[in-house]
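Copied over from TrEMBL:
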BINDING   93, 94, 95, 96, 115  substrate binding site
BINDING   116  Mg(2+) binding site
(Lines of atoms letter the chains of each structure in order from A and count residues from 1; the text may use other names and numbers.)
(Lines give C-alpha, C1' and ligand atoms only; values in the text may rest on other atoms or scores of the structure.)
Protein backbone atom coordinates (compact mmCIF):
# COMPACT_ATOMS: atom_id res chain seq x y z
CA UNK A 1 0.00 0.00 0.00
CA UNK A 2 1.35 3.43 -0.92
CA UNK A 3 1.57 6.20 1.66
CA UNK A 4 -1.13 8.09 -0.26
CA UNK A 5 -3.51 5.11 -0.13
CA UNK A 6 -2.76 4.63 3.56
CA UNK A 7 -3.50 8.26 4.37
CA UNK A 8 -6.72 8.10 2.34
CA UNK A 9 -7.83 4.91 4.13
CA UNK A 10 -7.22 6.47 7.53
CA UNK A 11 -9.34 9.46 6.54
CA UNK A 12 -12.13 7.13 5.39
CA UNK A 13 -11.97 5.39 8.78
CA UNK A 14 -13.36 8.59 10.32
CA UNK A 15 -16.71 7.66 8.75
CA UNK A 16 -16.79 4.35 10.62
CA UNK A 17 -17.61 3.14 14.12
CA UNK A 18 -15.72 0.55 16.13
CA UNK A 19 -18.58 -1.99 15.72
CA UNK A 20 -18.36 -1.60 11.94
CA UNK A 21 -14.60 -2.04 11.96
CA UNK A 22 -14.86 -4.98 14.36
CA UNK A 23 -17.23 -6.71 11.92
CA UNK A 24 -14.76 -6.10 9.09
CA UNK A 25 -11.94 -7.55 11.19
CA UNK A 26 -14.11 -10.63 11.74
CA UNK A 27 -14.62 -10.90 7.97
CA UNK A 28 -10.86 -11.25 7.54
CA UNK A 29 -10.44 -13.36 10.72
CA UNK A 30 -8.16 -10.69 12.16
CA UNK A 31 -7.73 -9.73 15.83
CA UNK A 32 -8.04 -6.11 16.83
CA UNK A 33 -10.62 -5.56 19.58
CA UNK A 34 -9.17 -4.41 22.91
CA UNK A 35 -11.24 -6.09 25.61
CA UNK A 36 -12.31 -3.97 28.56
CA UNK A 37 -10.84 -0.66 27.42
CA UNK A 38 -13.55 2.00 27.45
CA UNK A 39 -13.96 5.78 27.22
CA UNK A 40 -13.03 7.57 30.44
CA UNK A 41 -13.59 11.13 29.28
CA UNK A 42 -16.65 12.61 27.58
CA UNK A 43 -17.62 10.94 24.32
CA UNK A 44 -14.80 11.81 21.93
CA UNK A 45 -13.84 9.49 19.10
CA UNK A 46 -10.21 8.83 18.18
CA UNK A 47 -8.73 7.99 14.79
CA UNK A 48 -4.95 7.94 14.41
CA UNK A 49 -1.71 6.02 14.16
CA UNK A 50 -0.40 4.13 17.20
CA UNK A 51 2.58 5.48 19.16
CA UNK A 52 3.37 2.71 21.61
CA UNK A 53 4.68 2.72 25.19
CA UNK A 54 5.37 -0.23 27.49
CA UNK A 55 5.63 0.11 31.26
CA UNK A 56 7.14 -2.36 33.75
CA UNK A 57 7.48 -2.46 37.52
CA UNK A 58 10.34 -0.26 38.71
CA UNK A 59 13.87 -1.34 39.36
CA UNK A 60 14.23 -0.16 42.94
CA UNK A 61 17.92 0.56 42.39
CA UNK A 62 17.11 2.99 39.58
CA UNK A 63 13.52 4.23 39.83
CA UNK A 64 12.38 5.75 36.55
CA UNK A 65 10.35 8.80 35.70
CA UNK A 66 6.86 8.60 34.25
CA UNK A 67 5.68 10.18 31.01
CA UNK A 68 8.70 12.03 29.65
CA UNK A 69 8.06 10.36 26.27
CA UNK A 70 5.32 12.88 25.49
CA UNK A 71 7.79 15.26 23.83
CA UNK A 72 8.47 12.66 21.12
CA UNK A 73 4.85 12.05 20.08
CA UNK A 74 3.69 13.69 16.84
CA UNK A 75 0.40 15.55 16.32
CA UNK A 76 -2.36 13.20 15.20
CA UNK A 77 -0.79 10.12 16.79
CA UNK A 78 -2.56 8.01 19.41
CA UNK A 79 -0.52 7.13 22.50
CA UNK A 80 -1.11 3.43 23.24
CA UNK A 81 0.23 2.36 26.64
CA UNK A 82 0.62 -1.16 27.97
CA UNK A 83 0.83 -1.15 31.76
CA UNK A 84 0.12 -4.90 31.90
CA UNK A 85 -3.49 -4.23 32.84
CA UNK A 86 -2.55 -2.93 36.29
CA UNK A 87 -5.38 -1.27 38.16
CA UNK A 88 -3.40 -0.23 41.25
CA UNK A 89 -1.45 2.72 39.81
CA UNK A 90 -1.80 5.15 36.95
CA UNK A 91 0.45 5.94 34.00
CA UNK A 92 -1.37 9.05 32.77
CA UNK A 93 -2.48 12.20 34.55
CA UNK A 94 -3.39 15.84 34.16
CA UNK A 95 -0.01 17.20 33.03
CA UNK A 96 0.16 14.66 30.23
CA UNK A 97 -3.43 15.35 29.15
CA UNK A 98 -2.85 19.09 28.96
CA UNK A 99 0.44 18.76 27.07
CA UNK A 100 -1.01 16.17 24.70
CA UNK A 101 -3.99 18.40 23.94
CA UNK A 102 -1.69 21.35 23.25
CA UNK A 103 0.46 19.22 20.91
CA UNK A 104 -2.54 18.00 18.92
CA UNK A 105 -2.13 14.35 19.90
CA UNK A 106 -5.30 12.47 18.95
CA UNK A 107 -5.84 10.65 22.26
CA UNK A 108 -4.54 8.00 24.63
CA UNK A 109 -5.42 4.32 25.05
CA UNK A 110 -4.22 2.55 28.20
CA UNK A 111 -4.06 -1.09 29.21
CA UNK A 112 -4.28 0.12 32.78
CA UNK A 113 -5.74 3.17 34.50
CA UNK A 114 -5.47 6.96 34.33
CA UNK A 115 -6.26 9.84 36.67
CA UNK A 116 -7.06 13.57 36.70
CA UNK A 117 -10.02 12.87 34.44
CA UNK A 118 -11.51 16.32 35.04
CA UNK A 119 -8.39 17.96 33.62
CA UNK A 120 -8.60 15.82 30.48
CA UNK A 121 -12.27 16.74 30.07
CA UNK A 122 -11.44 20.42 30.55
CA UNK A 123 -9.13 20.38 27.51
CA UNK A 124 -11.31 17.94 25.51
CA UNK A 125 -8.59 15.29 25.48
CA UNK A 126 -9.82 11.73 24.80
CA UNK A 127 -8.77 9.03 27.28
CA UNK A 128 -9.58 5.33 26.94
CA UNK A 129 -8.52 2.90 29.67
CA UNK A 130 -9.58 0.03 31.90
CA UNK A 131 -10.67 2.61 34.44
CA UNK A 132 -9.57 5.64 36.43
CA UNK A 133 -7.83 5.59 39.80
CA UNK A 134 -6.05 8.31 41.75
CA UNK A 135 -2.86 6.47 42.83
CA UNK A 136 0.33 7.60 41.11
CA UNK A 137 2.61 5.33 39.12
CA UNK A 138 5.71 7.26 40.19
CA UNK A 139 8.16 4.93 41.96
CA UNK A 140 5.89 2.01 41.07
CA UNK A 141 6.29 1.64 37.30
CA UNK A 142 8.67 2.95 34.67
CA UNK A 143 8.87 3.15 30.90
CA UNK A 144 10.62 0.10 29.47
CA UNK A 145 10.21 0.83 25.75
CA UNK A 146 8.65 3.25 23.29
CA UNK A 147 7.84 2.81 19.60
CA UNK A 148 8.17 -0.96 19.87
CA UNK A 149 5.51 -3.67 19.42
CA UNK A 150 3.26 -4.25 22.43
CA UNK A 151 0.39 -6.67 23.05
CA UNK A 152 -2.97 -5.83 24.61
CA UNK A 153 -5.82 -8.35 24.88
CA UNK A 154 -3.82 -10.69 22.69
CA UNK A 155 -3.65 -8.05 19.95
CA UNK A 156 -0.18 -7.21 18.65
CA UNK A 157 0.10 -3.45 18.23
CA UNK A 158 2.94 -1.90 16.27
CA UNK A 159 3.83 1.75 15.82
CA UNK A 160 1.87 3.10 12.86
CA UNK A 161 -1.09 0.72 13.20
CA UNK A 162 -4.52 2.35 12.97
CA UNK A 163 -6.32 3.00 16.25
CA UNK A 164 -10.03 3.82 16.28
CA UNK A 165 -11.89 4.42 19.53
CA UNK A 166 -15.41 5.54 20.35
CA UNK A 167 -18.14 5.02 22.92
CA UNK A 168 -18.18 1.26 22.18
CA UNK A 169 -14.46 0.69 22.77
CA UNK A 170 -11.18 0.46 20.88
CA UNK A 171 -10.04 -1.42 17.78
CA UNK A 172 -6.54 -1.61 16.31
CA UNK A 173 -5.89 -2.51 12.68
CA UNK A 174 -2.44 -3.66 11.60
CA UNK A 175 -0.91 -1.29 9.07
CA UNK A 176 -0.82 -3.86 6.26
CA UNK A 177 -4.57 -4.53 6.62
CA UNK A 178 -5.87 -0.96 6.99
CA UNK A 179 -7.02 -0.46 3.41
CA UNK A 180 -8.81 -3.82 3.11
CA UNK A 181 -10.50 -3.61 6.52
CA UNK A 182 -11.68 -0.01 6.05
CA UNK A 183 -13.06 -0.73 2.58
CA UNK A 184 -14.88 -3.84 3.81
CA UNK A 185 -16.33 -1.90 6.74
CA UNK A 186 -17.63 0.79 4.39
CA UNK A 187 -19.28 -1.87 2.21
CA UNK A 188 -20.93 -3.45 5.24
CA UNK A 189 -22.03 -0.04 6.50
CA UNK A 190 -23.76 0.64 3.18
CA UNK A 191 -25.54 -2.73 3.19
CA UNK A 192 -26.74 -2.32 6.77
CA UNK A 193 -28.12 1.11 5.88
CA UNK A 194 -30.01 -0.45 2.96
CA UNK A 195 -31.49 -3.04 5.32
CA UNK A 196 -32.58 -0.32 7.73
CA UNK A 197 -34.06 1.80 4.94
CA UNK A 198 -36.10 -1.14 3.63
CA UNK A 199 -37.35 -2.00 7.12
CA UNK A 200 -38.28 1.60 7.86
CA UNK A 201 -40.22 1.69 4.59
CA UNK A 202 -42.41 -1.26 5.53
CA UNK A 203 -40.45 -4.41 4.69
CA UNK A 204 -40.14 -6.90 7.54
CA UNK A 205 -36.69 -7.00 9.10
CA UNK A 206 -36.46 -10.68 8.24
CA UNK A 207 -37.13 -10.00 4.56
CA UNK A 208 -34.81 -7.00 4.47
CA UNK A 209 -32.00 -9.07 5.94
CA UNK A 210 -32.61 -11.88 3.47
CA UNK A 211 -32.69 -9.44 0.55
CA UNK A 212 -29.28 -8.01 1.43
CA UNK A 213 -27.72 -11.27 2.70
CA UNK A 214 -27.22 -9.86 6.19
CA UNK A 215 -26.21 -13.16 7.75
CA UNK A 216 -23.40 -13.55 5.24
CA UNK A 217 -21.86 -10.11 5.76
CA UNK A 218 -19.09 -11.33 8.07
CA UNK A 219 -18.45 -14.57 6.18
CA UNK A 220 -15.55 -14.32 3.79
CA UNK A 221 -16.12 -16.67 0.81
CA UNK A 222 -12.37 -16.87 0.32
CA UNK A 223 -11.77 -18.29 3.79
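Each residue, glycine too, has its Cβ placed from N, Cα and C.
Keep in mind that TrEMBL annotations are predicted by a computer and have not been checked by a curator.
Given the structure is predicted, the values throughout are model-derived calculations rather than measurements.
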Binding-site residues (95, 96), the one with most neighbouring Cβ atoms at 10 Å: 96
Densest Cβ neighbourhood among 93, 94 (binding-site residues), 10 Å radius: 93
Nearest of the binding-site residues (94, 95, 96) to residue 116 (Mg(2+) binding site) - Cα to Cα: 94
Annotated substrate contacts 93, 94, 95, 96, 115, maximal Cα-Cα distance (Å, integer): 10
Candidate with sparsest Cβ neighbourhood (10 Å radius) among 115, 116, the listed binding-site residues: 116
Remaining residues near the recorded substrate site, that is with C-beta within 8 Å of the centroid of the site residues 93, 94, 95, 96, 115: 67, 90, 92, 97, 98, 114, 116, 119, 120
For residue 95 (substrate binding site), the three-state class that DSSP assigns: helix
